[in-house]
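According to Swiss-Prot, the substrate binding site annotation covers ARG27, GLN28, ALA29, GLY30, ARG31, ASP77, TYR154, THR209, HIS328, on the basis of sequence analysis. The feature site 'Transition state stabilizer' is assigned by Swiss-Prot to ASP77, with sequence analysis given as support.
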Amino acid sequence: MSELKNDRYLRALLKQPVDCTPVWMMRQAGRYLPEYRATRSVAGDFMSLCKNAELASEVTLQPLRRFPLDAAILFSDILTIPDAMGLGLYFEAGEGPKFERPITCKADVDKIGLPDPEGELQYVMNAVRQIRKDLQGEVPLIGFSGSPWTLATYMVEGGSSKAFTKIKKMMYAEPATLHLLLDKLADSVVEYLNAQIKAGAQSVMVFDTWGGVLTPSDYNEFSLRYMHKIVDGLIRENDGHRVPVTLFTKNGGMWLEQIAATGCDAIGLDWTINIADANRRVGDKVALQGNMDPSILYAQPERIRQEVATILEGYGDEGTGHVFNLGHGIHLDVPPENAGVFVDAVHELSKPYHK
């Protein structure tokens, strides 16, 4: 991977030797950075920022100017696919994303088509191309999508939810309708991620934020089955290089063996699982990403370093196969200097594990 100045992240995902543990942060481009807030105010609103390739690239690169991160992640949103399907995405102040036309029945599912990644979603591909150009080979670029199940929760609920009653009603009363929707979404995600890879994404990640609200059997049937379909459909080699894929189910620690069996390269872990246990269970099959509680970034520097040391020790001295990250996105009111302490601690404290 000679064109990359720093390929630590990709090497760790492929379990190749690295000099120290690579690190990046979910939501590393975001509201905790004053420069992000300034750029967003220029764009006007969140989706305008996503749809402007130059500004999306600017906010993607902002955290890399502050911190020696080992990867950049595309600045976008998981709801781009349902938005492109015509559901009318909008953001209510203080309430998060909502849809004007949620999915309520089979007729609604029949109506939606698969968006063209270089048509309705071309703005995402333009952002990928712009970011790759602006990165100048410094670090790899991660592309991403929401999982079919997680996208479906927003589409059926009409926005965020705490109890997920609407989608669970569909799941138990009209399972065939939900499977039809999930199948369409899986096909869309495959096309979308493959287009990101062709546009320049060097690794991809599927975020299954709400898989953890399901029973074990429902998780297999309504979430994992469709992520497996995505893994099977992805371009796994591009431009002469392997394109690693990471699956992340929040609150999915009980299902690591099943997730590893999809053929993914890595599993993202949240903070509710001990990384030593995870490594014992599936470390021979996949790399692991995670898994510090993002709230620890509110602590004093020494406490942050202590937590980093604990997680590194838990993963052990295999020398590779671990990408350090938070267990979910960084909180918007974390002091940026604390994020810097975290990133520096990972690089410094992991070196003895990579001799």
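Don't overthink the numbers, they just go from 1 along the chain as shown.
Backbone N, Cα and C define each Cβ position, glycine as well.
Residues ARG27, GLN28, ALA29, GLY30, ARG31, ASP77, TYR154, THR209, HIS328, recorded as binding substrate, reach a greatest CA to CA spacing of 23 Å. Other Cβ atoms within 10 Å of the Cβ of ALA29 (substrate binding site), summed over all protein chains shown, number 25. For ARG31 (substrate binding site), the Cβ neighbour count at a 10 Å cut-off comes to 14, with all displayed protein chains included. Cβ packing within 10 Å was compared across the binding-site residues ARG27, HIS328, and the lowest neighbour count falls to ARG27. Secondary structure at ASP77 (site 'Transition state stabilizer'), as computed by DSSP, is coil. If you take the Cα of ALA29 (substrate binding site) and the Cα of ASP77 (site 'Transition state stabilizer'), they are about 12 angstrom apart, rounded to a whole number. For ASP77 (site 'Transition state stabilizer'), the same-chain residues that are 6 or more apart in sequence and have a Cβ closer than 8 Å to its Cβ are PHE46, MET47, CYS50, PRO97. Around TYR154 (substrate binding site), a 10 Å sphere centred on its CB holds 26 further CB atoms from the protein chains shown. The DSSP secondary structure for ARG31 (substrate binding site) is coil.
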